[in-house]
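Please read the structure below before turning to the comments.
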Amino acid sequence: MEAIFYRNGKETPEPVKAELSGTIPSWLQGTLLRNGPGLFSIGESSYNHWFDGMALIHSFTFKDGEVYYRSKFLRSGTYKKNTAANRIVVTEFGTLAYPEPSKNIFSKAFTYLINTIPDFTDNNIINIIRYGEDYYASSEINYINQINPSSLDTIGRSNYRDYIALNLATAHPHYDDEGNTYNMGTAIMALTGPKYVIFRVPSIASDKENKRPALRKVEHICSIPFHSTLYPSYFHSFGMTENYIIFVEQALKLDIIRLTTAYIKGVSWGKCLKYDKDDITLFHVINRRTGKVAGTKFYTDAFVMFHHINAYEEDGHVVFDLITYEDNSLYDMFYLKNMRQDAETFDKSSKVFSLPVCQRFVIPIDVDLKVSDCKGGVFIFSSLSATLLLFLHWGFVCLAFVGNKKLNFQKVYTLISHILVLKQIAKVDTITRTHIEWMEDECYPSEPVFVASPGAVDEDDGVILSSVISLNPKKTPFLLVLDAKTFKEIARASVNTTVHMDLHGLFIHQ
Ligand SMILES: [Fe+2]
């Protein structure tokens, strides 16, 4: 693997003006905010897993045809504690840390009491979430850190539990046409019992004058009990259509007992996930306006999934596409000891990891189910069918996002690769099952972000933005702008500074 993925990143705190080739569309005004791990060792101590790295926030700002780049480490409580100690003192997903390594088992037991479920790290590395007019760096824990989207300064930490009873929440919310934010989480320690919780934050709830966050206006949509009481499903994302929320309760589960004793036993949180291949995958469909959960439950065989691709309604059915895996080995790929192997060894060892498969599921919502339609326990629908969309030997890596959701749902933009090394971005047509790619020698693009053009008619009227880094030190990093329809490059903005590989983000229109 290439060191550019796991070497320590550097900040570019002041905006750097990019050198342009091509022309940025005049309508493209705003900021692309990105997030991801960027610091993998502190002092003499190093993290074990790529998802443990300290969050580095990036921005590409488009203003009157010019592009400006800047980046800053998230000044989370975790970052401050680690840098003050000049070593890792806060436990992350794959790295267990003790504040004082010389402590004996009794001292560790005391530390355990204050480091169980309520005290996760606040190193929010996954995504940027908007609640109202407030922007947060987010991961999958109860803490989120508010940032200033212009300066990238960290404003301060918020705790979901100050507003709604949650221990974990996703970093992949959805936004409706009015700008309201929908998200869901897991309440392990709720007084009313463990459950999944779906909630909404209104778009106009921020009170900037009095510095009151939109989250204070959070609205509870519904709660769903766990399928297995002590083993809540792990979920990284969920689906949303015009009227429904789709929650896939998968067989990859959090072992609560193991989690609550992890610290004292010296087990990292990453080892508290267990995959039960003999269990089922349960689909929940929830009316997002009424909070009513559909009474009829559909299920299928066990699989592991992280990202929903898209979801929509058609002829009384909910249709949703997922990227699925045979097991949980994807996370293992990101252990730094695996990533540090040379490319050939990594290529060989990565063959044992489960390949991603893009699958479509169709669930009847407003359809009369007749016994006569049932053949051998399976309902056959004449109007729609669930089909395996794509199985590519080199596979999709974990990221896939759709075009203009207001229009059709045929085009998907994604990162693809032979192995973990992400070298191509692709536009996939889910109807024709064809795709076109962009790639360039020695270049590694980030997750493609679609921005619709004003007055878009077709779903792919707009541009694709991707931050690209290169192995070649003579090649400066650049922000790539593709025509989403043709996938041809229309501009690139090269920045003469360091840019690090990231995970997710969003575009803020000006
Ligand atoms: Fe994700």
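Glycine is no exception: its Cβ is also placed from the backbone N, Cα and C atoms.
The DSSP secondary structure for H504 (Fe cation binding site) is strand. What TrEMBL records for H172, H236, H307, H504 is Fe cation binding site.
Residues annotated as transmembrane segment in TrEMBL: 378-402.
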Exercise. Which one of these binding-site residues, H172, H236, H307, H504, has the sparsest Cβ neighbourhood, judged by other Cβ atoms within 10 angstroms?
Worked result: H236
For this session: Provide the three-state secondary structure of H172 (Fe cation binding site) computed with DSSP.
Result: coil
